[in-house]
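To start, the structure itself, in structure tokens.
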Amino acid sequence: MLWQRLAVVEWAALAWELLGASVLLIAVRWLVRRLENLSRDPNRCGTLSSLPGASAAVSAQPGEVMTMDAMLARLKLLNPDDLRQEVMKAGLKCGPITSTTRFIFEKKLAQALLEQGGLLTSSLPKHSEVTGTAFIHGTSRTPAFVDRKQTQQACLSEDRDFGYSVGLNPPEEEAVTSSVHPIPFSASTRNDNHKAGVTTAKEPLLYYGVCPVYEDGLVRHERIHVYEDKKEALQAVKLIKGSRFKAFPTREDAEKFARGICDYLPSPSKNMSLLSPVKAMPLCSNDGPKADGLCLAESETVNKERANSYKNPRTQDLTAKLRKAVERGEEHTFSDLIWSNPRYLIGSGDNPTIVQEGCRYNVMHVAAKENQASVCQLTLETLENPEFMRLMYPDDNMDMLQKRILYIVDLYLNTPDKVGFDTPLHFACKFGNVDVVNVLSSHPLIVKNPRNKYGKTPEDVICERSKNKSVELRERIREYLMGHYYVPLLRAEDTSPVIGELWSSDQKAEASSADHCRSSPRDPVMTLRAFVGPLSPSKAEDFRKLWKTPPRKKAGLFHSIRKSDPERGIERVGRELAHELGYPWVEYWEFLGCFVDLSSQEGLQRLEEYLIQKELNQKAQHEIGEEEGCLQDRTSDFGSGKKYSNSISVGAFLDGGDDISLEEVKNQQNTVPSQSQPSVDKFQNSKSGSPSLGQKADPGEAAVGFYPDNSRNGFCYPLNSRTADGRETEATNGEEALPPPVSILTQEFDKLNLQSLGDNLFETPNKNRELEDKILASSKGVVESGLASPAAIARLENKQVRTNSEVSEAMAEMSLGPNSPQLGVQAGLEPGFSSATADPTKRLFLSGEEPSKLDRDVLAALECAIIDPGLYPAVHRWKSTVMGYSPSDRQSWPSPALKGKFTTELVDLDCCHSCSGRSSPAGSSPSKPGHTTFSSGLHSPGRYSPAHGRHFQRVACMARLAAL
């Protein structure tokens with residue numbers, strides 16, 4: 001038992017020793033911490049009586065230079081009104097002060113004050129004021145601690161606002177209000193366990209307006225949905241599909257919102273008394289900017305856009321329909337989809353629609369990856385069509401539509417994917433798709449040197465995924481990436497050619513050819529006639545020098561060609577050089593109305609279509625000529641004698657069964673003018689002047705037949721002037737047969753109608769199909785009345801480019817032709833002489849019925865072309881016909897008569913359609929989208945070639961202005 005008592009005593013002593021050591025250790029640690037605190041903050045032990053001296057040692061005096069951090073800390077203590085005043089006093093521009101913009105204005109103001117030597121105005125709070133306030137409220141925090149806390153708040157505010165200025169999610173409105181109006185520092189520092197005592201104000205009454213869908217909001221829902229309870233507003237939003245709600249301080253504003261009047265109204269915060277003056281200013285101001293120079297962007301009403309009826313396509317449709325059509329190159333299916341719903345291409349915020357999630361590919365990524373150059377071209381053409389963008393935004397003006405077009409096209413061309421940051425140009429170069437590279441690199445908005453995730457440009461990844469591509473293809477891709485340059489040939493009205501400077505669609509500075517721009521009204525108007533390209537810059541410059549100064553071996557030949565053929569000699573030289581070097585070449589042909597290389601497959605197809613159309617016109621002319629004889633007989637029979645002529649005129653002027661005397665009939669007949677021999681001037685002025693009076697019929701010589709059974713008025717006229725034995729009746733007493741007055745009036749109206757049709761030739765020269773139908777129908781009517789000769793009608797049916805003088809000659813021929821009802825007999829020509837004997841197998845030429853220099857020029861352009869009779873039968877027949885003439889005869893062929901000035905391509909080449917069938921940006925209709933075909937041949941003029949240069953230079957200029 002003794003040993004047990006000893007053990008208890010020992011354990012008790014040991015416990016007391018441990019307890020004493022612990023207390024001593026705690027005391028030592030407390031003293032050490034106390035000493036550390038005193039050494040860190042020697043001013044902590046100061047009293048309230050020593051406040052002025054202590055604060056004077058820390059606070060900055062007026063005129064004292066401060067650091068950037070201290071300046072920012074002091075500016076953080078200002079309320080928005082004081083901060084705005086300081087910014088304005090510093091000579092800086094100030095806008096709305098929010099949680100996002102406050103740090104920007106504070107930083108600008110601090111920099112401005114530091115540059116001015118740190119001179120602070122009296123409105124800025126001193127450190128002494130802050131310190132005094134803190135000690136009055138019994139806080140233990142020092143000005144240095146306040147500076148640290150304010151600096152930390154500034155850093156937190158900067159971190160919180162990061163990204164909002166570059167388009168990321170904005171902060172909540174409650175956060176905006178709380179940061180703009182911070183709680184006073186004195187109210188947040190209490191010595192009751194260092195807890196902030198903040199008194200919240202009572203929330204004002206809010207009204208929640210619920211706005212239904214814009215189109216049918218006032219139809220389906222007659223009542224105006226305004227609620228005072230937020231739960232009721234949320235319940236109404238659930239019941240009304242597609243609606244939205246917003247809180248307002250007044251009932252009137254909520255009712256406006258519920259009616260669909262979406263003017264900008266700031267959402268009320270929980271404490272309306274602390275709203276910033278920028279937010280509380282009037283919404284509209286007729287006086288312009290305020291006196292303090294604030295920007296009133298937020299006070300302006302938001303542009304009301306009418307919502308379109310297109311819904312976002314389902315993910316299944318984007319994958320199974322749109323993406324599959326792009327991958328397979330189904331242009332018609334792709335075009336039908338995007339025109340039926342433009343949201344297949346344009347997503348929310350005018351961003352490209354994503355067709356493959358994960359990698360976030362759009363249509364251009366997929367098309368570039370699958371080598372679908374035609375889909376890439378069709379996508380760009382559709383997006384650049386204002387009518388397509390108008391489907392999404394029907395109320396936008398043209399300027400806004402163009403800005404939207406530039407924005408969406410730039411995104412489609414230069415948006416990287418999510419995985420490797422590869423643009424469509426990266427994909428095209430990576431897989432060696434040279435046609436896609438050609439389409440993309442030729443656009444003026446393309447960025448040719450973007451870097452992907454691994455820091456590589458498109459040039460660095462050429463054929464990275466296709467190792468079996470040839471070296472020539474790799475070089476072509478590199479040349480396309482260098483730029484698309486063209487060597488243009490320009491001509492003035494006097495046909496003097498000029499080889500212009502290099503042209504490119506993405507030129508950044510001066511115009512393409514500054515040497516031929518008109519600096520004076522006396523300078524000739526230069527128009528584009530041919531060009532070579534696209535080429536790399538070095539090749540384009542070398543070809544330009546070679547074209548201007550041919551090689552010594554061929555200098556004599558080329559010089560003789562240029563001198564002997566001033567109209568198209570330099571084109572022949574450039575064509576031969578381009579074909580020899582394998583460069584793309586196109587020239588303008590007036591009879592086709594487009595730029596094309598006739599030796600290419602595309603040029604042969606265009607020529608084949610033109611010749612087939614011309615053969616059809618000649619065949620129709622021949623059929624009209626065969627029927628002209630009987631039609632002329634009918635007209636001449638009406639005017640074969642004065643007896644029947646008078647009968648016709650009398651019957652024409654008798655309307656009903658009213659009683660009329662014979663003398664009145666004779667007087668009316670004498671007042672009808674007969675057609676005299678017209679002239680070209682009288683015919684051209686027939687719209688304003690009346691026809692001249694001709695010979696009057698002698699009523700005394702007219703023997704009017706009376707047939708009471710065949711005529712209501714007692715007068716009749718025979719329907720056929722032939723006798724029983726088939727012979728034609730002759731003129732009475734050997735006098736000339738005069739046409740009936742009714743026929744004369746009909747002919748005058750036919751002439752006026754035909755002249756109006758001829759005038760339309762100059763208004764719409766490119767609408768050949770519609771105009772042909774009108775002219776052909778009118779021409780048949782004129783031939784039936786015996787007014788025009790078939791040769792004159794054929795000239796109007798022809799699809800060639802017409803001049804004013806040519807149409808005037810055609811009109812004169814129609815009125816003075818040998819088949820005219822009056823002049824045909826005077827000239828002694830028999831009816832149907834001109835075209836009744838026309839040969840249906842008449843030889844075919846490009847201009848008119850006789851060979852001309854145009855046939856020789858086209859033959860020279862086809863010198864190196866291989867013409868397949870099975871594919872191009874009309875071209876083969878035409879070439880055989882032309883080759884049937886000897887070279888000396890072909891040299892003597894005259895040039896086509898062009899007595900007037902051209903009214904087509906010489907005015908503006910931007911309106912000409914490309915020979916590849918691509919329409920202009922505004923060439924399609926939303927109801928009938930044009931299905932274009934892309935030609936990847938070297939001899940096809942690109943969409944971004946000099947033929948469309950003015951349009952795409954304007955596009956590039958607008959893009960550069962928008963980037964500024």
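Glycine too: its Cβ is placed from the backbone N, Cα and C atoms.
Remember, it's a predicted structure, so these values are computed and weren't measured experimentally.
Annotation comment: Swiss-Prot describes 667-693 as compositional bias 'Polar residues'.
Here Swiss-Prot flags 919-930 as compositional bias 'Low complexity'.
Per Swiss-Prot, phosphoserine is recorded for SER267 (among others).
Swiss-Prot lists SER276 (among others) with the feature phosphoserine, giving similarity to another entry as the kind of evidence.
DSSP assigns SER504 (phosphoserine) to a strand. Taken from Swiss-Prot, the feature phosphoserine covers SER504 (among others).
Feature annotation from Swiss-Prot assigns phosphoserine to SER520 (among others).
Sequence-distant neighbours of SER536 (phosphoserine) (same chain, 6+ apart, CB under 8 A from its CB) are GLU479, MET482, GLY483, TYR485. Secondary structure at SER536 (phosphoserine), taken from DSSP and collapsed to helix, strand or coil, is coil. Residues or ranges marked as phosphoserine by Swiss-Prot on the basis of similarity to another entry: SER536 (among others).
The annotation phosphoserine is assigned in Swiss-Prot to SER676 (among others).
Sequence annotations record features per position, and here Swiss-Prot assigns phosphoserine to SER916 (among others).
Taken from Swiss-Prot, the feature phosphoserine applies to SER940 (among others), supported by similarity to another entry.
If you look up Swiss-Prot, you'll see 667-705 (among others) marked as region 'Disordered'.
The region 'Disordered' feature in Swiss-Prot is assigned to 919-947 (among others).
Positions annotated as topological domain 'Cytoplasmic' by Swiss-Prot, on the basis of sequence analysis: 29-964.
Under the heading transmembrane segment, Swiss-Prot lists 8-28.
Looking only at the topological domain 'Cytoplasmic' (29-964), the predicted model's pLDDT averages out at 66. Of all Cβ atoms in the protein chains displayed, 22 besides its own lie within 10 Å of the Cβ of SER504 (phosphoserine).
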